[in-house]
Amino acid sequence: MGLCQSAEDKELTLKSKAIDKEMMQNHMSQQKVVKLLLLGAGECGKSTVLKQMRILHDHGFTAEEAEQQKSVVFNNTLQAMTAILKGMEALRMTFDKPIRENDAKFVMESHKMLQEAKVFPEELANAIQALWNDKAVQQVIAKGNEFQMPESAPHFLSSLDRIKLPDYNPTEQDILLSRIKTTGIVEVKFQMKSVDFRVFDVGGQRSERKKWIHCFEDVNAIIFIAAISEYDQVLFEDETTNRMIESMRLFESICNSRWFINTSMILFLNKKDLFAEKIKRTSIKSAFPDYKGAQTYDESCRYIEEKFDGLNANPEKTIYMHQTCATDTDQVQMILDSVIDMIIQANLQGCGL
């Protein structure tokens, strides 16, 4: 009899907890807004993650918004070739075909052509494509870590046949890869599992960080994004500082800040696709001279994870790490679903459930 009563009590307790949990989720949906803060150094991929959240949970981009992105894509395409030409000069490389010098001069003087452009100018597109097909330009791209080459350069420059068409409309991938510097605060709102989320992206370059303080109050979780592929690159705003080291310094200050003692900390080691290619050519020793492991993806990535984890001064705080490719919508969806589930559970536990 006692055993039967115990089993009944257990079942009643489980039902009670399930009801409590459902009531709390309903309560959260009515009164609780979960605030997420996206942090990271400049060009780590925060804005791309935010765009993915819009695609996955906020109905994506309207036709009007896609149309507005055309000018960004046009400028990114021109900026990509301009950066490569500056890189060629810095590396003292010459064109395979000397006639390309005329195209280079034309491109470097063409920024005003895009100011009001509704269609990518044909003459400019032809010059960029001629340069893109030059063997020396392809060799410079392989040395992109030695100068400030946009990571989207190969995508946009190889897509000019499509981008220059009169009826061109940016694809989802074009929008994900397009970039303008984030200044101030960008917000995305969405609802998932009956919970309202507000996600903030703030400027990652040094001059923007003083503005982060306005986002700090009542933050439920931080998604810190570090570009794992940038271990051999320097900052845009300070070419004496390694990007990976800067990212680790920033992570340490955020992770151990008094503002975030009770805040869930999620680390996205982003651009894993670029890291996988780069590690075949260049060891992480450029950022970590003490590294003794093999020049492989798994071992190098594990070492970097341990480095970040070691920056956490609170033994009771767990850093939830994920290796990500922010431009891969399917992978981002899987990781974001896992992260959001974890955040919801953490909030329920915080309410005693």
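Counting starts with 1 at the first residue shown.
Cβ atoms here come from the backbone N, Cα and C positions, even for glycine.
Note that the structure is a prediction, hence the values are computed from the model and not measured.
What Swiss-Prot records for Gly2 is N-myristoyl glycine.
According to Swiss-Prot, the feature S-palmitoyl cysteine maps to Cys4.
Feature annotation from Swiss-Prot assigns domain 'G-alpha' to 32-353; the stated evidence is sequence analysis.
Looking only at the region 'G1 motif' (35-48), the predicted model's pLDDT averages out at 88. Sequence annotations record features per position, and here Swiss-Prot assigns region 'G1 motif' to 35-48.
What Swiss-Prot records for Ser47, Thr182 is Mg(2+) binding site. Secondary structure from DSSP puts Ser47 (Mg(2+) binding site) in a helix.
According to Swiss-Prot, the region 'G2 motif' annotation covers 174-182, on the basis of sequence analysis.
The region 'G3 motif' annotation in Swiss-Prot covers 197-206.
Positions annotated as region 'G4 motif' by Swiss-Prot, on the basis of sequence analysis: 266-273. With a threshold of 8 Å between CB atoms, the same-chain residues lying at least 6 positions outside the region 'G4 motif' (266-273) that come near it are 44-45, 49, 151, 221-230, 251, 301, 304-305, 308, 319-328, 335, 339, 342.
Under the heading region 'G5 motif', Swiss-Prot lists 324-329.
The helix, strand and coil residue counts that DSSP assigns across the region 'G2 motif' (174-182) are 4 helix, 0 strand, 5 coil.
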